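Below: the structure, in structure tokens.
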Amino acid sequence: MTQTIFMVGARAAGKTTIGQALANALSYPFVDTDLYMLETTNLTVADVVVTEGWEGFRRRESEALRTVTKPGIVVATGGGMVLSEENRDFMRANGTVFYLSAPAEVLAARLEAYPDAGQRPTLTGRPIVEEVSEVLAARENLYRSAAHHVLDASVAPEAVLVQALELLKKQA
């Protein structure tokens, strides 16, 4: 199995955590598109948003997706990667896409527990629980339309990893 595996989902869904664990289990390299952009540009997400706006960030995000995609790699994408139909189509055509699904309350609790971990500028300026609920409601159908498989990411990371490995084994 030398496919590309993409992880999509909202902030705090576990894309990086599960993606790294899955890459280790498969002996694949792992890349997080947000970290890739930081390492290749020396700009944080917030820096790009301030200087280029969200449109500039989304453009860079799409470029990063295409640059890092190759056979036999696990890619954790930014939460908004699915906003572009081109990105959704690209991922579906070039690999297996897992949507890490979790209720807004779970995601908000994770963000509140680790306020500095991977934080991006607020999308709405509202309290985190409200923002997560609003963003998730707006993107849920996009995540599902991009995904080949939906994983319950509200459970422990080890359980999510087992779900992913079982699904990959079935499709091999």
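The backbone N, Cα and C atoms fix where each Cβ goes, glycine too.
The secondary structure of ALA13 (ATP binding site), as reduced to three states from DSSP, is coil rather than helix or strand. Annotation comment: Swiss-Prot describes GLY9, ALA10, ARG11, ALA12, ALA13, GLY14, LYS15, THR16 as ATP binding site, evidence class sequence analysis.
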Around the recorded ATP site, report the further residues of that chain (criterion: Cβ within 8 Å of the mean position of the Cβ atoms of GLY9, ALA10, ARG11, ALA12, ALA13, GLY14, LYS15, THR16; site residues excluded), sequence-ordered.
MET7, GLY79, LEU100, ALA102, LEU107, ALA153
